[in-house]
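Q: Got these off TrEMBL a minute ago, pasting:
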TRANSMEM  12-31  transmembrane segment
TRANSMEM  43-65  transmembrane segment
TRANSMEM  86-106  transmembrane segment
TRANSMEM  112-137  transmembrane segment
TRANSMEM  144-166  transmembrane segment
TRANSMEM  181-199  transmembrane segment
Amino acid sequence: MRLKLWTRDGLQYTGLTVGVAAFYTLMITLQQSLSWEDILAVFPLYLSLMGGLMAVVCAMTVHRVQLHVAISLGLTRRESRLGIHLLRLIPAVAVSVLAAVLAAVGRNPMAAPWQLLVISLGLQLFCGALGTVLGLVHVKWGKFGTIITVLVAIFAGGLGGFGAVMGMEALGVENLFRGDVLPWLILAFGVLCYGLVQLPEGRTLAHMQVRI
């Protein structure tokens, strides 16, 4: 099935997210000499954060790489749209579920598993929408869009590095889990942003297929 191309890439991004989160967790463990219990508490948070950063990268590469490959393979517009959603949603759901499971297993004192699941999913959807916008900027403005993409990537990497060195407290992450309403608001905002980018993305896809 031709959609295996998107599914495989989505699973690869999921694995890459886990690897990057493990690396940053190792950094903060060496920096602050964390215990095993602390690692179990910190890793799900970094997994969600890195999942968001990777969601931006994943969504950006859709328009720069995957769509051109898909169109060259003869995928229809419907197959391409479905593939795009698979590529973005597989890592988003997998990372969010894994973070929630790890929070439950490690009895995370900062966040309940359902809170981490809802907030993480909202974050992934928002970052996926942001990455889609950046990808569309690249398609429309070429090199200028690439410069914007690079600047965002530098900022994202710096944010992750800052959190790894200074700890999650420096990012104020614990404030996200102090109420039962805020997680749902974050999820709703992520869903809204993800939905809003579908119209310009659909127009761009149609233009690309006609042009190619």
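A Cβ is built for glycine as well, from the same backbone N, Cα and C atoms used for every other residue.
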Q: The transmembrane segment (112-137): which same-chain residues, six or more beyond its ends, come within Cβ distance under 8 Å?
A: 44-45, 47-49, 51-53, 55-64, 88, 91-93, 95-97, 99-101, 103-104, 144-145, 148-149, 152, 176-177, 180, 182-184, 186-191, 193-194, 196-197, 200-201, 204
Q: Given the transmembrane segment (43-65), which of the listed stretches 12-31, 86-106, 181-199 has the most Cβ pairs that are under 8 Å apart from it?
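A: Out of the listed stretches, 86-106 contacts the transmembrane segment (43-65) most.
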